[in-house]
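Colleague: According to TrEMBL, the protein has these features:
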type	residues	note
ACT_SITE	D:His68	active site, proton donor
BINDING	D:Asp8, D:Glu39, D:Asn40, D:His178	Fe cation 1 binding site
BINDING	D:Glu39, D:Asn67, D:His151, D:His176	Fe cation 2 binding site
There are 4 protein chains.
Amino acid sequence: MRVLMIGDIVGRPGRRAVLDNLSYIRNERDIDFVIANGENAASGHGITKEIAKQLYAAGIDVFTMGNHVWNKKEIITYIDKEKRLLRPANYPPGTPGAGFHIFETKLGHSVAVVNVSGRIYMQELDCPFRTVDHILEKIKDKTRIIFVDFHAEATSEKVAMGWYLDGRVTAICGTHTHVQTADERILPNGSAYITDIGMTGPRDSVIGVTTHLVIEKFMTQMPRRFEAAESPYQLNAVVIDVDPASGTAIKIERIFDLE
Amino acid sequence: MRVLMIGDIVGRPGRRAVLDNLSYIRNERDIDFVIANGENAASGHGITKEIAKQLYAAGIDVFTMGNHVWNKKEIITYIDKEKRLLRPANYPPGTPGAGFHIFETKLGHSVAVVNVSGRIYMQELDCPFRTVDHILEKIKDKTRIIFVDFHAEATSEKVAMGWYLDGRVTAICGTHTHVQTADERILPNGSAYITDIGMTGPRDSVIGVTTHLVIEKFMTQMPRRFEAAESPYQLNAVVIDVDPASGTAIKIERIFDLE
Amino acid sequence: MRVLMIGDIVGRPGRRAVLDNLSYIRNERDIDFVIANGENAASGHGITKEIAKQLYAAGIDVFTMGNHVWNKKEIITYIDKEKRLLRPANYPPGTPGAGFHIFETKLGHSVAVVNVSGRIYMQELDCPFRTVDHILEKIKDKTRIIFVDFHAEATSEKVAMGWYLDGRVTAICGTHTHVQTADERILPNGSAYITDIGMTGPRDSVIGVTTHLVIEKFMTQMPRRFEAAESPYQLNAVVIDVDPASGTAIKIERIFDLE
Amino acid sequence: MRVLMIGDIVGRPGRRAVLDNLSYIRNERDIDFVIANGENAASGHGITKEIAKQLYAAGIDVFTMGNHVWNKKEIITYIDKEKRLLRPANYPPGTPGAGFHIFETKLGHSVAVVNVSGRIYMQELDCPFRTVDHILEKIKDKTRIIFVDFHAEATSEKVAMGWYLDGRVTAICGTHTHVQTADERILPNGSAYITDIGMTGPRDSVIGVTTHLVIEKFMTQMPRRFEAAESPYQLNAVVIDVDPASGTAIKIERIFDLE
Ligand SMILES: [Fe+2]
Ligand SMILES: [Fe+2]
Ligand SMILES: [Fe+2]
Ligand SMILES: [Fe+2]
Ligand SMILES: [Fe+2]
Ligand SMILES: [Fe+2]
Ligand SMILES: [Fe+2]
Ligand SMILES: [Fe+2]
């Protein structure tokens with residue numbers, strides 16, 4: 001079984017990257033299931049119902065999200081109706097939406113997708129380590145194929161989560177920094193790991209945002225309205241091969257395609 | 001001309017990685033000059049005079065540092081005597097040591113090395129963008145071959161610095177996160193860029209630290225004394241080819257070697 | 001019924017302030033119960049068994065703590081044996097010690113003391129609001145006299161907690177900033193509130209630490225070992241009058257005494 | 001000579017507090033000069049030209065600002081034309097407006113007002129300590145009557161600034177936390193000091209913002225648009241008596257008036 005995980009889709013260039021390439025990648029690489037982080041799909045700020053639908057149609061099976069999840073207000077009500085749109089599981093009890101779900105693939109496999117957020121340099125949230133423990137406890141009799149999107153800033157927290165879950169899930173893949181890391185590996189107990197899948201969005205930008213706006217913000221410390229840059233895209237993703245019987249990852253490979 | 005930049009050397013495994021491989025890499029790849037981030041060379045906490053000497057002897061020409069620079073007290077006096085040991089240039093005026101220096105290579109090239117630190121999620125420092133502007137102003141008549149180690153946490157700040165300096169320096173290479181990124185490129189105006197060179201240190205660890213200590217710290221929120229892990233090493237670096245006449249980068253290539 | 005809450009006791013001057021004055025204050029003001037924040041009692045860094053005993057003997061009935069709770073290693077085992085030493089309740093499950101306890105006063109009243117920590121600009125902890133909800137649920141049939149030490153940095157989080165608990169506890173008193181605030185009041189539903197009780201420690205200092213060390217740290221960004229200052233003390237506390245039948249606060253008065 | 005410094009004016013209730021009381025306070029207490037922090041005067045978010053004019057007419061001589069200075073766009077151009085509106089001096093070179101100015105009082109005294117911002121838990125700015133040093137150097141021959149509004153979050157940074165400037169300025173008064181502190185004093189070398197003057201705004205609120213919005217934000221971690229609360233006001237200020245010949249502070253007294 002083969003799963004594609006796509007890094008944070010940012011703005012129009014990110015969506016174009018998916019629309020232009022996903023169908024081809026799915027066929028060419030024989031992908032069974034596609035997970036994508038969609039927290040910046042709508043002009044860098046959240047996702048809309050319409051954009052989500054367009055991207056499901058293009059071949060994305062599930063969206064994970066992150067700190068930008070509520071940027072578009074309509075998501076607050078939409079998320080409860082759409083199982084294919086997850087938000088981090090360690091948000092407070094009562095938060096709209098769900099942090100994990102088990103999906104059935106066309107080949108009949110049950111794939112759990114878990115979305116969880118880091119806390120270091122981020123929001124004040126529940127412990128991500130304990131949260132994943134609770135989820136694994138709940139789903140342990142249902143499937144062994146488990147993909148975790150750990151949306152976090154600090155490399156220490158992300159790498160620690162990788163080791164913490166090694167052997168208990170199929171893959172732990174980081175998102176949020178919008179820069180792909182080169183440390184993909186299969187950990188000793190069989191989990192695939194990468195600190196950050198990267199960004200699928202405008203390549204000539206500051207992590208998706210128009211470059212001069214960010215530089216000005218940093219140098220003047222004055223407010224700038226951040227907009228998703230328009231530029232040729234990059235598509236960042238990982239392909240993970242899974243032994244469906246054991247849920248063990250066999251291989252993880254990075255994709256860093258340019259327009 | 002060809003320069004090797006080595007990511008944060010951590011503890012005994014990191015030093016072993018250098019001692020075992022640097023001489024071979026220098027010869028094999030025909031390297032003219034070697035810059036290494038040494039802020040974690042001594043058991044993860046700073047660097048000592050003795051360790052610095054051992055690593056100069058192994059082929060490192062210059063050390064850059066970062067937030068761990070003062071971990072070993074002896075460095076505070078040593079740094080003023082040792083031009084080959086830089087600390088971030090945007091530390092307050094009066095800070096011991098220097099933030100940049102121009103070195104002569106054996107082939108007679110003048111190579112400026114600049115060390116600067118980010119501010120986001122880090123210490124309260126002077127503006128790194130303006131600091132580099134001042135330095136470039138000072139050295140502009142002396143050399144066009146300029147390497148910047150930008151020791152920073154946030155990807156936004158690092159990528160912004162890359163674009164800010166594109167065409168004005170030979171290379172902007174990030175350090176500090178201890179995870180190599182896969183976004184190396186030559187920017188449009190000829191500067192080599194990578195968000196983070198990564199870590200040269202114990203591979204089976206949380207960014208250099210013994211894994212269970214970090215997980216325990218995060219899960220219990222109780223104090224743990226962080227020690228550099230003992231494990232097989234990884235060596236993270238980049239090789240940058242430079243046109244010495246213009247100072248323009250021609251090529252940047254990542255190295256991610258395992259013991 | 002009348003309760004005294006003493007702000008963070010810092011170092012030798014803070015202990016001297018208690019030893020010199022508490023017995024007198026208890027008698028003079030007819031105090032029934034004394035709660036003190038002890039997280040800096042031992043030279044500014046945590047508390048020791050011996051210091052705790054000395055201060056219990058001087059008239060403190062219960063210690064609350066905060067982010068410095070584990071500075072002295074011996075507390076990790078001691079805290080499970082000593083009910084009069086609380087640590088924030090929203091530390092992870094499994095943390096040594098307890099975050100609340102119900103004490104019997106000499107006059108036969110049951111007084112619940114709850115210690116909880118903020119998260120903004122502090123450690124990554126469980127939600128303090130939900131944590132207090134859980135505790136109040138547990139103790140609701142046992143007593144209505146409930147004192148909360150909210151050890152937090154941000155005024156927004158502290159004031160919000162005051163309003164959140166108004167009418168459900170006797171008093172919400174902040175600690176941690178080491179500066180007494182002037183906003184003590186009885187909230188509309190009968191809870192006493194103050195953003196910060198302040199510090200009982202060396203008056204001529206930077207929140208307890210030797211002044212020049214802190215200024216040097218801020219100006220040089222180089223490491224300084226922070227030590228509790230030696231200077232004349234200040235004693236910061238609040239006196240709260242309670243209607244023991246309802247648990248409602250009748251009056252809150254600040255104490256800001258100087259040596 | 002007697003100067004009134006008013007803590008952050010927040011929203012309509014804060015403006016009403018000034019309009020209702022300032023004229024009376026000026027007369028009754030024989031105030032010569034009034035400095036007010038205006039960063040939240042317009043519905044909690046910045047200040048407008050019109051509001052500034054209304055409050056100058058009500059008796060405010062100078063506004064200092066803080067991190068909310070640019071909330072209303074019009075201020076970016078207005079600030080260069082209006083000397084009575086200062087922004088923190090340690091913003092980057094090139095920032096619109098000025099960080100200090102010397103004003104002439106009706107009695108003919110020259111009063112320097114300096115506005116500077118902290119860095120801890122705030123924006124990435126230039127060193128506030130060095131910035132004030134530079135300003136004092138520039139104005140040393142012009143006046144000895146110098147008032148500093150240090151707009152900062154951390155008590156450590158504020159108290160440190162007080163000691164750093166003691167004897168070199170008339171007063172160091174903190175703003176930004178919106179909670180008045182009770183630690184006003186004349187420091188040993190003659191400067192008046194208070195960690196925070198507090199807030200002049202809606203009393204029944206979370207530091208000026210509608211209470212339930214803040215509690216919901218903290219408990220749900222979902223976005224809430226913060227609005228200045230409507231409630232009876234509190235007026236927070238300090239009155240400082242100055243020896244105009246030496247610039248030394250003779251007395252500092254807190255005002256905490258309720259509607
Ligand atoms: Fe993102
Ligand atoms: Fe994110
Ligand atoms: Fe490092
Ligand atoms: Fe570092
Ligand atoms: Fe404390
Ligand atoms: Fe504390
Ligand atoms: Fe304010
Ligand atoms: Fe502010």
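Indices start at 1 and increase along the chain as displayed.
Positions of Cβ are set from backbone N, Cα and C atoms, glycine also.
Computed from a predicted structure; not experimentally measured.
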Colleague: Are there binding-site residues in D:Asn40, D:Asn67, D:His151, D:His178 whose CB lies under 8 Å from a CB of chain C, and which ones?
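Modeller: So the ones by chain C are D:His178.
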Colleague: Can you tell me how many other Cβ atoms are located within 10 Å of the Cβ belonging to D:Asn67 (Fe cation 2 binding site)?
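Modeller: Step by step: centre on the Cβ of D:Asn67 (Fe cation 2 binding site), count other Cβ atoms within 10 Å, giving 20.
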Colleague: Work through the recorded positions one by one (D:His68, D:His176, D:His178) and point out the residue whose CB has the fewest other CB atoms within 10 angstroms.
Modeller: D:His68
Colleague: Looking only at Cβ atoms, how many others are within 10 Å of the one on D:Asp8 (Fe cation 1 binding site)?
Modeller: 31
Colleague: Please tell me which one of the recorded positions listed here (D:Asn67, D:His68, D:His151, D:His176) sits closest to D:Glu39 (Fe cation 1 binding site), measuring Cα to Cα?
Modeller: D:His68
Colleague: Under 8 Å Cβ to Cβ from D:Asn40 (Fe cation 1 binding site), same chain, six or more residues apart: give me those in sequence order, or none if nothing qualifies.
Modeller: D:Asp8, D:Ile9, D:Val10, D:Gly11, D:Gly14, D:Gly46, D:Ile47, D:His68, D:Gly201, D:Gly208, D:Ala228
Colleague: Expressed to the nearest Å, what is the distance separating D:Asn67 (Fe cation 2 binding site) and D:His178 (Fe cation 1 binding site) at their Cα atoms?
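Modeller: D:Asn67 (Fe cation 2 binding site) to D:His178 (Fe cation 1 binding site), Cα-Cα distance: 13 Å.
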Colleague: Give me the long-range Cβ neighbours of D:His151 (Fe cation 2 binding site): same chain, 6+ apart, Cβ under 8 Å, in sequence order.
Modeller: D:Asn37, D:Glu39, D:Thr64, D:Met65, D:Gly66, D:Asn67, D:Pro88, D:Asn115, D:Val116, D:Ser117, D:Gly118, D:Gly174, D:Thr175, D:His176
Colleague: Quick test of your reading of the structure: among the binding-site residues D:Asp8, D:Glu39, D:Asn40, D:Asn67, D:His151, whose CB sits under 6 A from ligand 7?
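Modeller: The qualifying binding-site residues are D:Asp8, D:Glu39, D:Asn40.
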Colleague: May I have the list of same-chain residues other than D:Asp8, D:Glu39, D:Asn40, D:His178 whose Cβ is within 8 Å of the Cβ centroid of the recorded Fe cation 1 site, in sequence order?
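Modeller: Here the non-site neighbours turn out to be D:Gly7, D:Ile9, D:Val10, D:Gly14, D:Asn37, D:Ala41, D:Gly44, D:Gly66, D:His68, D:Thr175, D:His176, D:Met199, D:Gly201, D:Gly208.
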Colleague: Around the Fe cation 2 site formed by D:Glu39, D:Asn67, D:His151, D:His176, list the extra residues of the same chain whose Cβ is within 8 Å of the site's Cβ centroid.
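Modeller: These residues sit around the Fe cation 2 site: D:Asp8, D:Asn37, D:Met65, D:Gly66, D:His68, D:Val69, D:Pro88, D:Ser117, D:Ala152, D:Thr175.
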